[in-house]
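What follows is a short report on a single structure.
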Amino acid sequence: MLLLLLESPHYLLPALHKNNSRVAVLGASGGIGQPLSLLLKNSPLISELHLFDVHLTPGVAADLSHIETRAKVQGYLGPDQLADCLKGSEVVVIPAGVPRKPGMTRDDLFNTNASIVATLTEACAKHCPEAMICIIANPVNSTIPITSEVFKKHGVYNPNRIFGVTTLDIVRANTFVAELKGLDPARVNIPVIGGHAGKTIIPLISQSTPKVEFPQDQLEALVGRIQEAGTEVVKAKAGSGSATLSMAYAGARFAFSLLDAMNGKEGVIECAFVRSEETESPYFSTPLLLGKNGIEKNLGLGNLSAYEEKIVGEALAELKGSIKKGEDFVKNRK
Ligand SMILES: NC(=O)c1ccc[n+]([C@@H]2O[C@H](COP(=O)([O-])OP(=O)(O)OC[C@H]3O[C@@H](n4cnc5c(N)ncnc54)[C@H](O)[C@@H]3O)[C@@H](O)[C@H]2O)c1
């Protein structure tokens, strides 16, 4: 058993730590929110789990509260209870918002999700301005600039504490490379940089651990599959939504890494879409060293192959457009 634990990746090892973090999930009754809350409830890193949504939270909270782990679960329903949900939260994870249907891009969700994210993060800025904010709601390339602008408006902006959760892109890259090379996916690590939509998703296969190589045609097919993996799930679900279970796993992995780092664990690295000076795009995902106060150090892009440099260049215009759209949304909002 001990050997098995020692062989597991760090994000599967919260059982070795114990502490008292307060975590809130906004959108907790949804396709992602429910399994994400289940995974969080299972973690001894968390002592209080607050679940907010506009429907179903009393039921979801009652259900999860019977699980024999120590996190105390409390449900909060509707806007009147949002402040109470957030007060004292150290980490807030936000999967609230509508998912894609076949034929839609993530940007097609902007009109609905921009105001949901702006409203929820406004409440975070007022009631838990110091919390780590982890946004899952799409389009992430716009919802992170929205969150940053909202925090700026309230005078509580700290770019080291606002994260666009892109972990699912890393999880997918690890899985697909492991499948192609006959490796254990838990032992593969591929940084994925850029943003979280189509061509802005840039897996750095040249920086894979362990090192792997592909002929150029196979490499391009692999990169294309990682970029369109979300659409693969949207099509397979045939109108009933997008990735929920794998996203819940990825969201929990990111939250556990963050909590570990906040508790003083050293050397915790995750990619996320954040405020960045690494390229001409004002927000960009790269590997980040996490610490007690969020981002401790941006580890940058590293050495790129000529092909990776090309696809980064091709992503910048779309990224900057999505970022501006998010910033303008908050500027024009009453
Ligand atoms: N970052 C990623 O990699 C990634 C991956 C998959 C999905 N997503 C995104 O996550 C979001 C959620 O997806 P889902 O499949 O869980 O959708 P869903 O429709 O199943 O659930 C969304 C939940 O949000 C709730 N909600 C809506 N407005 C709210 C508000 N104002 N306050 C609180 N809760 C509110 C809904 O009631 C619902 O329970 C979508 O935007 C989707 O595109 C992101």
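Along the chain as shown, residues are numbered 1 onward.
Including glycine, each Cβ sits where the backbone N, Cα and C put it.
Under the DSSP three-state reduction, HIS196 (active site, proton acceptor) is assigned to coil, being neither helix nor strand. Around HIS196 (active site, proton acceptor), a 10 Å sphere centred on its CB holds 28 further CB atoms from the protein chains shown. According to TrEMBL, the active site, proton acceptor annotation covers HIS196.
TrEMBL lists GLY27, ALA28, SER29, GLY30, GLY31, ILE32, GLY33, ASP53, ASN113, ILE136, ALA137, ASN138, MET247 with the feature NAD(+) binding site. Using a 10 Å Cβ-Cβ cutoff, SER29 (NAD(+) binding site) registers 23 neighbours. SER29 (NAD(+) binding site) falls outside any helix or strand according to DSSP and counts as coil.
Per TrEMBL, substrate binding site is recorded for ARG100, ARG106, ASN138, ARG172. For ARG100 (substrate binding site), the same-chain residues 6+ apart in sequence whose C-beta sits under 8 angstroms from its C-beta are ARG106, ASP108, LEU109, ASN138, GLY230, THR231, VAL234, GLY241, SER242.
Residues or ranges marked as domain 'Lactate/malate dehydrogenase N-terminal' by TrEMBL: 22-164.
The domain 'Lactate/malate dehydrogenase C-terminal' annotation in TrEMBL covers 166-330.
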Residues in the domain 'Lactate/malate dehydrogenase N-terminal' (22-164) grouped by DSSP into helix, strand and remaining coil: 65 helix, 30 strand, 48 coil
Cβ neighbours within the same chain of ARG172 (substrate binding site) - under 8 Å, at least six residues apart: ILE226, ALA229, SER246
Contacting binding-site residues, sequence order - GLY31, ASN113, ASN138, ARG172 vs ligand 1, Cβ under 6 Å: GLY31, ASN113, ASN138
Neighbourhood of MET247 (NAD(+) binding site), C-beta criterion under 8 angstroms, separation at least six: ILE32, LEU36, PRO95, ILE136, LEU168
Sparsest Cβ surroundings (other CB atoms within 10 Å) among the binding-site residues ASN113, ASN138: ASN113
Candidate with sparsest Cβ neighbourhood (10 Å radius) among GLY27, GLY31, GLY33, the listed binding-site residues: GLY31
List of residues, in chain order, with Cβ under 8 A from that of ALA137 (NAD(+) binding site) and at least 6 apart: GLY27, ILE94, PRO95, ALA96, GLY97, ASN113, ILE116, VAL117, THR143
